[in-house]
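Marked as transmembrane segment by TrEMBL: B:9-27, B:39-62, B:83-103, B:130-149, B:161-177, B:189-207, B:219-242, B:290-308, B:320-338, B:344-364, B:444-466.
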């Protein structure tokens, strides 16, 4: 199968755009957030690099035996596998090259020499942030490495669940060495027990590593159809960016029209600093800038990868892509202190994880692949089944019975004694096929993407609409 | 071939030793350099981990097609290749786990609360060093990653020479962001032209990346016999450690007996601080501590790896080991500011590089493998030859003629017209075989190790005996 063609006009059109954004911070008048321009410019190049490198190195991947057969196609030509490695490499390399733009004294000095614009301008990034940034890069790189080792050595899935914990060690170590805050704000209804703040101490570190593990593995178990892994990452990254943008200083006042929902107290945005939801707090602006620095290039490499991974896929992500994107979200959630908001963007993943629990924890047999079943004649996907070789236990029967009643799975029972013989594999993809009927692979990934977008809309509603019920302005 | 057996007594004997060194900094009286104890304790565990993990994962490597046939053996059983990855992973993981011990405020506070010992004690490591340490880890990790990719994708050697430059990017970026010093001290005889200090500016960055490239590739081209790569790294690491120890505060006064050589001015060591060659400079002590933190675990993983890589090898290093060890030396040379001293420890590698130049730069044909030729009957190694398929150019004839006269290679000439038909491959290993006669593989690696030790002895003589001629006390 030949790689998807790339219009050369893209290259010629985007190179000057990217270059302009990189050069812009050095031109008068200095923009208020110069490094953000650079980050955007770098992201344009990240997109181009991913678009062009992935097809170029495809044959080398196949030669090195990094290839897979698409289970849901009639065409059995091997497709390069683990090409998420290219996206990860481009992503991390650009984040490293970005260091002097975000942290260099000399660039800050250059900028400070000029007249400062009004309002909040984050020209000089605080220096202690450099070690935080570097530890994040280390974690991303370890995640990439482990993802690739997983692809090469084909680690069994039960063994690989704790792998992201290893990747989160640099985050934890530097957080500890920098005497990171382990306090969390207590929701209002619980304050009469715990007070305003509670110090989680070592539990905070457990929380951080669990967040990495969840973010990584939740992508890994929602996979198997063309574009599934990368589209989830893309939509979550875009949601994070949208959330970050609310906290940046803007040249215009804006407010979220929450009075329509009946709230008003903590949504007075803008003001003298025009600083969006940051209420003039420089620290909040810095945190969300930090998040943007990681998310903008991530969106770029995801788009680039998706172009080749879209149905019918010319490149497979491998575990590498799941590991690195999951880790990137964990990094920004932890380092920029919005892990609760972040988890809200994972609603489809959380649903899929809860749905999968009976199979993950051994109540229901778990075959190696739980991807939907492909019908060669109609080109449609149907829910795949797991077979009970021996009669299920009472607990399993009860759990599956309940799930079947809730419409989450479909059971085949023995015609006479009613024992469960088969059940749909418990994934969100099979559930979509069960509820919406058989569809082709491209449509299924579009449904998945719609559910992700719907999840993000719900997340924003909860975060800015309902969070006022349980948190006051004292947010972290 | 079965892995070399490991005595369990080693495990039981070394675990308490390592544990004691890790716990020691928390016991009264606090030692003057507490983190150094931890580093030593971690190194003991690094040794054990490498010793036990390498044979354990061997079958997985063979299954993942990471295997090689030993060219210089009659036994053609495949041996696991790229197992330097295990050494690199253990090394980097322990360096990450070491972060809180070296940089944590809370441990320093604990130590400061106790009575301070006299003299220089580096309990609290300067905080800005954390980003330097993290950038070093990033470079090591990228080197590991690229080494492993090189093993998997089998990159052509001409393409891989610049790869270490990519790995040195984090070093360069953070050096720049931290406004690193780009001044170098000018040797006395040249000061009338340049003054005492000369600012290399951007050239300093070129120098740093070239140092990484050289350190990495010089191991890569001096390879091919069991134990060659790892023994070079081991002896250089031990030499660096010996050099570092000269700068630490010791409970005893000492001086290098250079008066025997006729010098005295700048070798007054010890004094009130008992600080060795550091002349009471806290900064020099810190730099050499930094170097020790990287070198102690490196020695440990090298010993562990060498146990399995020793003749007849049960594990091959792959390019991964060369990349990670070379990068480790570049990191300490650059970050602890003793790159010139470091290069002195590379005398055999520099000799091998110069010897290889005619083949590297295409004057003389370069076959894929330049390892010595193995004689199955006698079990001895002989110099391998490169064949001239077409008559060599005049320049090549002149260069090879000169080298032959100097005894560096052996030529086979056409009996009538004298054109060169064959030449010994230009490596230090073939040169040893040429000068010392055929020998078996184990003896050859021992000769190589002796030459490395002799090189280090020469290096120490030059550094502490002769450097006084061209540098005064104003060292960097």
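Each residue, glycine too, has its Cβ placed from N, Cα and C.
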Top partner of the transmembrane segment (B:161-177) among B:9-27, B:320-338, B:344-364, B:444-466 - counted as Cβ pairs under 8 Å: B:320-338
Result, the transmembrane segment (B:219-242) in contact with the transmembrane segment (B:344-364) (3+ CB pairs under 8 Å): yes
Tertiary contacts of the transmembrane segment (B:39-62) (same chain, 6+ residues out, Cβ under 8 Å): 3-4, 6, 10-11, 14-15, 17-24, 78, 80-83, 86-87, 90-91, 94, 97-98, 101-102, 292-293, 296-297, 299-301, 303-305, 307-308, 314-315
Contact set, same chain, for the transmembrane segment (B:9-27): CB under 8 Å, 6 or more residues outside the stretch: 34-35, 37-38, 40-45, 47-48, 51-52, 101, 107, 110-111
Close approaches to the transmembrane segment (B:189-207) from elsewhere in its chain (Cβ under 8 angstroms; 6 or more beyond its ends): 172, 175-176, 182-183, 339, 470, 474
Cβ-based contact of the transmembrane segment (B:219-242) with the transmembrane segment (B:290-308), 3 or more pairs under 8 Å: yes
Winner by Cβ pairs under 8 Å against the transmembrane segment (B:130-149), considering only B:83-103, B:290-308, B:320-338: B:320-338
